[in-house]
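K.L.:
The structure under discussion is supplied below as structure tokens; questions concerning it will follow.
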Amino acid sequence: MVDSQYYLPNDIGISALDCAEAFRLLSPKEKLYAHYLSRAAWYGGLVVLLQTSSESASIYVLLQRVFRQQSPAQLESVAMDAGLSPEEYQAFLVYAAGLYANMGNYKSFGDTKFVPNLSKEKLKALLWQSQAFKDSPTEMEALWNSSADLIYSLEDRQKQLGLGDKGITTYFSGNCCLEDAELAQKFLDSKNLSAYNTRLFKREAVAGKNSYECFCVYCVVDGETDTRCGKYEFGEAVFTVRRGDYAPLMKKVSENLEKAQAYAANENQRRMLEEYVRSFTFGSVEAHKEGSRYWIKDKGPIVESYIGFIESYRDPFGSRGEFEGFVAIVNKAMSARFGQLVSSAEVLLPELPWPSAFEKDTFLKPDFTSLDVLTFAGSGIPAGINIPNYDDIRQTEGFKNVSLGNVLAVAYATQKEKLTFLDEKDKDLYIKWKGPSFEVQVGLHELLGHGSGKLFVQDEKGNFNFERQNVRNPETGELISSWYKGNETWDSKFSTIASSYEECRAECVGLYLCLNKQVLSIFGHEGEDAEDVVYVNWLTMVRAGLLGLEFYTPDSQSWRQAHMQARFVILRVLLETGEGLVTLQETTGADGRPDALITLDRAKIHTVGKSAIQRFLCKLQVHKSTADVDGGRALYDRYSAVTSSGSHDFLRLRETVLLRKEERKMFVQANTRINGETVELVEYEGSATGLIRSFAEKFPEDAEEVESQLLELSKQDASCWC
């Protein structure tokens with residue numbers, strides 16, 4: 001029997017993202033713009049297969065070959081003839097849907113491997129009876145032989161993503177460890193190279209020196225000679241910088257971005273796409289930054305998008321970006337609320353619990369829109385986004401915030417009978433206010449969480465962006481003694497904890513500022529309703545902290561998900577505060593199995609709770625502003641520790657959480673296609689079958705070509721994982 005955390009249950013929630021009305025309201029030109037951006041995003045999204053695991057691309061192609069020949073409905077009778085039960089066939093469909101939704105065989109939220117919940121023999125029998133196998137038996141058998149063992153393998157290291165003995169990763173070759181990652185970061189910093197679009201492969205030693213290859217993403221073409229490609233000696237190591245990673249796929253991304261340019265609404269959009277094409281063609285992060293600058297300037301577009309190697313959550317070192325691309329359509333009514341929040345930001349920022357010197361010199365008012373997702377290609381779909389992630393742009397030029405409305409509408413709907421660890425009297429209130437409270441939290445988290453706080457920097461010319469002789473550390477009263485130097489960034493300095501630490505800081509800002517009546521009023525909450533929103537927001541956070549234990553791996557003592565680690569840290573802070581604010585008890589459920597109960601004293605949120613978050617949030621910001629890695633890591637690691645000692649046995653509670661966990665929902669997205677002079681929206685039902693069909697029909701013009709390219713790219717890397 002496979003541990004339930006390593007397969008997806010047959011009753012997993014799967015919902016369709018509804019954007020039909022928003023798409024219908026677009027003009028013909030806007031529809032064409034959205035279509036070509038979506039095509040670019042979907043082609044680029046295939047890169048995530050190669051960024052996830054060595055076997056993901058082969059599994060994807062295997063499934064595509066099957067489902068492009070036979071729909072799930074057509075394949076059902078084949079499955080019964082092959083000896084599968086209805087439950088086993090559904091398990092196969094859920095596995096396939098999971099592979100598509102996560103763009104790989106590791107969960108995008110938690111980085112845990114998932115395997116089919118049917119035997120290898122049954123899966124092989126089904127594949128051998130498929131039309132795809134009958135048409136191309138040699139090719140299908142080769143695909144199976146290259147991936148079957150890895151599909152099912154649950155050896156300790158392959159259970160989760162990680163670096164070295166903590167898991168598997170394709171951002172680094174299999175022989176790399178943390179020390180290699182740290183050395184590579186120092187090398188990249190010395191050459192003023194960003195790690196965002198790179199992978200690191202450790203090669204055979206040269207003349208007694210460790211040899212590394214930094215492989216930069218994007219297609220290889222002549223031109224733009226300042227790529228810094230070449231061979232470099234660095235201390236006791238040799239680094240070779242190459243470009244051309246994922247080249248065939250990036251070429252298709254660029255081609256579709258060029259087509260979208262013809263339908264751009266304004267010069268900012270046109271220049272933005274021009275820079276993205278330059279970035280994906282020549283491997284230039286600087287070009288992507290320039291494109292991001294035009295993107296920031298493109299205020300209030302009807303069709304919003306962003307594309308590139310963006311979030312670093314899944315790089316075990318925290319510096320390399322996973323590909324994502326989204327296309328979405330503005331929801332004007334909800335965006336008006338977020339616009340009010342932006343207008344109030346300059347009043348709200350001084351409320352945050354750090355001295356004014358620790359806040360940005362000028363708050364650059366960003367766009368903040370609510371969007372209905374048309375396309376989100378990558379490993380998963382968030383509820384909100386604050387981008388770009390480039391520190392130098394965010395600090396001095398600005399950023400944008402988006403809340404994904406149609407994701408929020410379906411992602412967090414909860415059935416009462418599946419609601420765990422809460423008192424019965426809290427459940428109805430939780431269900432009623434979870435959506436509205438999360439909307440408030442997302443708005444504050446993205447705009448005033450990620451959008452706040454200053455980094456103290458000494459640039460390459462020796463100039464400081466703060467008054468060294470006057471600014472004091474509010475925790476110690478002493479003058480600031482550390483800061484970011486030259487090319488150092490938040491990600492490169494705080495590396496392995498950067499993502500989770502920053503999510504924790506943003507979550508704390510949301511908790512802290514949701515207590516402000518002006519904020520609640522902006523979102524339409526007054527009086528008793530406003531207090532219910534506050535209560536449910538805080539209750540949601542402490543419950544999420546408990547649920548976060550699912551994403552901790554005791555064997556490696558590591559966290560697999562940045563946001564859930566952050567929420568566990570907040571739970572620990574509030575538990576430590578005491579005074580009865582939060583209580584966490586181990587209990588026995590009605591079914592006789594271990595259970596837990598978490599409660600929050602709503603009368604103490606504005607006093608005990610606010611003071612606790614105020615103190616902790618100030619510490620987080622001070623360590624971040626001053627580049628105090630040692631202090632920040634010591635603080636964060638202490639609250640991240642999952643042990644059996646102390647007032648709570650968190651390791652035992654983890655077992656209870658795993659016993660009663662509910663899988664995250666998967667989303668079915670529509671496709672677009674050109675029919676004559678119009679663009680049509682092709683929708684699918686919210687089920688495993690619908691999700692599979694949406695991917696089987698994703699690349700109607702060049703599916704075989706794309707699949708061959710994926711297999712070739714996977715083959716090129718094969719020797720790196722041994």
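Note: Cβ is positioned from N, Cα and C throughout, glycine not excepted.
So TrEMBL has the following annotated:
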- His445, His450, Glu503: Zn(2+) binding site (BINDING)
- Glu446: active site (ACT_SITE)
K.L.:
To the nearest whole angstrom, what is the C-alpha distance linking Glu503 (Zn(2+) binding site) and Glu446 (active site)?
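P.N.:
A Cα-Cα distance of 10 Å.
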K.L.:
Mind checking which of His445, His450 has the fewest other CB atoms within 10 A of its CB? They're the binding-site residues.
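P.N.:
Checked His445, His450; of these binding-site residues, fewest Cβ neighbours within 10 Å: His450.
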K.L.:
Looking at the recorded positions Glu446, Glu503, which one has the fewest other Cβ atoms within 10 Å of its own Cβ?
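P.N.:
Glu503, out of the recorded positions Glu446, Glu503, has the fewest neighbouring Cβ atoms within 10 Å.
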K.L.:
Quick one: which residues besides His445, His450, Glu503 have a Cβ within 8 Å of the Zn(2+) site's Cβ centroid, in sequence order?
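P.N.:
So the additional residues around the site are Asn386, Glu446, Gly449, Glu502, Arg505, Ala506, Glu507, Val509, Gly510.
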